[in-house]
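Straight from Swiss-Prot, the features:
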- Gly172, Gly173, Ala174, Gly175, Val176, Gly177, Lys178, Thr179: ATP binding site (BINDING)
Amino acid sequence: MTITPPPSDTEVSVLENKNLGRITQIIGPVLDVVFPPGKMPYIYNALIVQGRDTVGKQINVTCEVQQLLGNNRIRAVAMSATDGLKRGMEVIDTGAALSVPVGGATLGRIFNVLGEPIDNLGPVDTRTTSPIHRSAPAFIQLDTQLSIFETGIKVVDLLAPYRRGGKIGLFGGAGVGKTVLIMELINNIAKAHGGVSVFGGVGERTREGNDLYMEMKESRVINEKNIAESKVALVYGQMNEPPGARMRVGLTALTMAEYFRDVNEQDVLLFIDNIFRFVQAGSEVSALLGRMPSAVGYQPTLGTEMGTLQERITSTKEGSITSIQAVYVPADDLTDPAPATTFAHLDATTVLSRGLAAKGIYPAVDPLDSTSTMLQPRIVGEEHYETAQRVKQTLQRYKELQDMIAILGLDEVSEEDRLTVARARKIERFFSQPFFVAEVFTGSPGKYVGLAETIRGFQLILSGELDSLPEQAFYLVGNIDEATAKATNLT
């Protein structure tokens, strides 16, 4: 991390004293630049192309050095459109990697890959900046304790608990509640853990990024009246950006998250939507740089690039970065190298189900498809593990019986199976929960349910103590006491 002094009147552009080169070739977003002998820039140095296009408009394009070609030539990838550039234009070597603003000044704001604000809310305090390229924390700095990251969301905490400093894959199509779940997690980490969140929009639709920003303002995750009280920083490199920007925007978001972890010593939630687009952008850049493609046309450095990003997402003795990554699976092929490489890094998967969303059960997390490496007796304890397994067995049996019930009717199944079905339906409804960020839409106050309360609630349903209560009493409530109170009001 570097502290940049504030600009003064006497300050002449420091870039004038840097190495100067000239563009010799432009192929889309890739530039070849020649520098004077002995003045070659380092790999990952930021270069700036300044000049005017054919109509006299000012050009300011930032590039990143990717290859040293020999004969004093380098190859760089542009972070913005190269329209208007021409051979012979002057290129300035900044002498350092891309650096972005970090700290409290980033909260409530939207940035591009270069750390420039793009929300029309004025400049950002850039006195504290940090380079986007840095090493993963050393082994000695890592926190080796396996601890649960409590989210306050019943279905997640019980069946697919998140690891503090872990990586979670979020699978879900359009309209099943991915955005609302993301916003609730951002809200809960701020309230329960005193933490902040960073959202990295990598290669997704600009409209979705805009919708997320508007919904965050509406649900007060971003506080318009006092921007410093916001709980999230947003970094966007959407699908209309050049591949260089989409490849690096994840690192920009991660750099902002690392400052909150290492300097502010906070728990941070890092969202990456979509991790597949990070790989896709790397594949495009690799082809443009002339590398031989690997399996299915991906870059030969796929595993290294993914590891460089993922290994920086971890818990240290200062704080933690817990990452939730939306994963697009091309053609639903889980063996595709991009998702397969991602899975190797994940600690848990949260799968959203369209069937549950159609039933009105939100969050629509599929209890049988969602998994976690943390769900082991030695980590979560025997009580939690046993309760989770019994819940899964009940739901699995209900799933097996559904076809039979649809054909023959509920009267044709055994008494024991009827009891299983009744309890499974109560469990399914009890997984639903009113969210804080959805209060403005539903009118129901949000509920944060602690892990102990969650376990107690499901144990009571499984024990049969609540068999007499109607199943609608369990729908959209917080803890089990609210369900029993609701049942009293229903009768």
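Every residue gets a Cβ built from N, Cα and C, even glycine.
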Report, as a single number, how many Cβ atoms besides its own are within 10 Å of the Cβ of Ala174 (ATP binding site).
8
How many neighbouring Cβ atoms, not counting its own, are there within 10 Å of the Cβ of Val176 (ATP binding site)?
23
List, in sequence order, the residues of the same chain other than Gly172, Gly173, Ala174, Gly175, Val176, Gly177, Lys178, Thr179 whose Cβ lies within 8 Å of the centroid of the Cβ atoms of the recorded ATP site.
Leu352, Ala357, Ala364
Check the binding-site residues Gly173, Gly177 for other C-beta atoms within 10 angstroms of each C-beta and report the one with the most.
Gly177
CB within-chain contacts under 8 A for Gly172 (ATP binding site), separation at least 6:
Lys178, Ala326, Val351, Leu352, Ala364
By a simple count of other Cβ atoms within 10 Å, which of Lys178, Thr179, the binding-site residues in the record, is least packed?
Thr179
Quick one: what's DSSP say for Gly172 (ATP binding site), helix, strand or coil?
coil
Please list, in sequence order, the residues in the chain of Gly175 (ATP binding site) that are at least six apart in sequence and whose C-beta is under 8 Å away from its C-beta.
Arg354, Ala357
